[in-house]
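Some notes on the structure that comes next.
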Amino acid sequence: MTASAQTQSQPRVVLTARGLGKTFGGFAAVSNVNLDVHHARIHALIGPNGAGKTTVFNLLTKFLQPTTGKITLLGTDITHTKPDKVARMGMVRSFQISAVFPHLTVLENVKVALQRPAGLAVQFWLPLSSLDRLNGRAETLIDDLGLTEYRDTRAADLSYGRKRVLEIATTLALDPEVLLLDEPMAGMGQEDVRMVADIIREVARHRAVLMVEHNLSVVADICHHVTVLQRGEIIGEGDYASVSQDHRVRTAYMGTED
Amino acid sequence: MAHGHTNTEARAAHPQASALKTGLLLTLLALLLAAPFFLYPIFLMKLLCFALFAAAFNLLLGYTGLLSFGHAAFFGGAAYFTGHAVKVWGFPPELGILLGMAGAAVLGLVMGLIAIRRQGIYFAMITLALSQMFFFFCVQSSFTHGEDGLQSIPRGHLFGFINLSDTTNMYFFVLAVFLIGMALIWRIVNSPFGMILKSIRENENRAISLGYSVARYKLAAFVMSATLTGMAGGLKALVFQFATLTDVTWQMSGEVILMTLLGGIGTLIGPVFGAGIVVTLQNYLATSDFPVTIITGVVFMACVLLFRRGLVGEFYASRIGRSLGFNPEK
């Protein structure tokens, strides 16, 4: 399915940011960012290094408190909500540097994500075997993402690409409404990039995805909407075709002054 | 359940390892049961108290990744609470220890609430500062008898009829409490809650992004560690029949860190060995002219330089340990 085939009717907005800004000391890392992330769409956040993409992620997920602006998730104002609460409300993020639990196995990594929704996180009096009932769901996720043969491998021993896939698996374990992926394909080989792109396209059928990505061919291929950030400000927006023709965007990327 | 077998399967991947572990544990238990007939029982009881202390401390350092520099407050504090309850209020020993644990839990809750939002060295410094405040409280307070300490605490009768003044009875009581404490720690570590603690230790931000209120889990672990430390402290007050300022000093907080690192953080049995080594060194060097602190200092440096994982941790990670199926976590 191509991007354009899905854009006939405008799906509902699940995440919005209005006038989002963050200053560190006197430095404005992000200013006046407006975003609308839609259900069942893949929204890319692109821009040169240091443009503030990761800061925007940290603001949206509340790992950083915005200096200005307002964030709404699924109709609820989350501007002053704590990051773990935001996760429980249905917006889950990944990190630029792969975030797995290195000394736990692949299966355990996914199960840790499943424990909270299953209400099996605070029981210090139960044996570990009480978590066995999460195995079925965890293994389905592991199988879906092609990690079957690594089920009992420690996450630290996985290749870089597979760590990222595992991270997506643990994120999907929470069945989030909104998925924020910070450079999911950075440092990956061509083979892995295609696999992860397919996975993202698949998961976005039922949820909103906002992703930071440098690989523009991937963005062109799977993203419905693109927002371009430069020096903390939005300089372009739209589908990839129009954005890539934009004069300011081209300047920002190519560095050519006319 | 179609997939219910997987966990046991993973563990059974090294059947000889689990058999070996069971064998080692049973041997250790047999040694502990026979030990009072060969070694000085008071020394053994001291060793068990410190072993439990170190294991309780390791629940926080090894399994949650929090370095507390204030655990003496729970250890020495519980010794005072238990001592006071038994001596002044006439509590039986088992209730005295429970009260000591409850006191340590309250202290742990207060200190935890203040310290838990800081990380790394700041967390350690805040716990140190709070335990020093508690130290000065103990110096000033009347129920601790200041510099004199709480003397001649009666051991009393367990459940009203087992006379603990009898050294053998006392030893087996101490051993039982130690085993209960270790079993509790083992259960906490190997539980759904323990999994979350490990995931926080491994990657705190990821745990947050999965929706876990990390601060609450840390606080719970902190209180549990404090409570179990209180168990060891209350027990020690009954063994030695006194509670003094020594057990609330910052040096005591440092000693337990040394024991835990020496034995191996993140292993259940490591701190027990670490405590054994430190207590033995102290006991046998106490009679010689050589200053103990120099020896323990050298041992500590050697450990940091040569055995990063601690003695038990290095054994697990060694070729022998690996071939036996031990899985080093750190």
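Placed from the backbone N, Cα and C atoms, the Cβ positions cover glycine too.
Features of the protein shown, as given by TrEMBL:
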- B:24-43: transmembrane segment (TRANSMEM)
- B:50-75: transmembrane segment (TRANSMEM)
- B:95-114: transmembrane segment (TRANSMEM)
- B:121-143: transmembrane segment (TRANSMEM)
- B:170-189: transmembrane segment (TRANSMEM)
- B:219-244: transmembrane segment (TRANSMEM)
- B:256-278: transmembrane segment (TRANSMEM)
- B:290-307: transmembrane segment (TRANSMEM)
Contact between the transmembrane segment (B:219-244) and the transmembrane segment (B:290-307) (at least 3 Cβ pairs under 8 Å, separation 6+): no
Close approaches to the transmembrane segment (B:121-143) from elsewhere in its chain (Cβ under 8 angstroms; 6 or more beyond its ends): 66-73, 76-77, 80, 84, 88, 107, 110-111, 114-115, 150, 245, 248-250, 253
Leading stretch by Cβ pairs under 8 Å, where the reference is the transmembrane segment (B:50-75) and the options are B:24-43, B:95-114, B:170-189, B:256-278, B:290-307: B:256-278
Cβ contacts under 8 Å made by the transmembrane segment (B:170-189) with residues that lie 6+ beyond its boundaries: 32-33, 36, 41, 44-45, 48-49, 51-52, 55-56, 58-59, 63, 93, 97, 155, 158, 162, 164, 197, 224, 228, 231-232, 235, 238-239, 268, 272
Residue numbers, six or more beyond the limits of the transmembrane segment (B:24-43), whose CB comes under 8 Å of its CB atoms: 167-168, 170-171, 175, 239-240, 279, 283
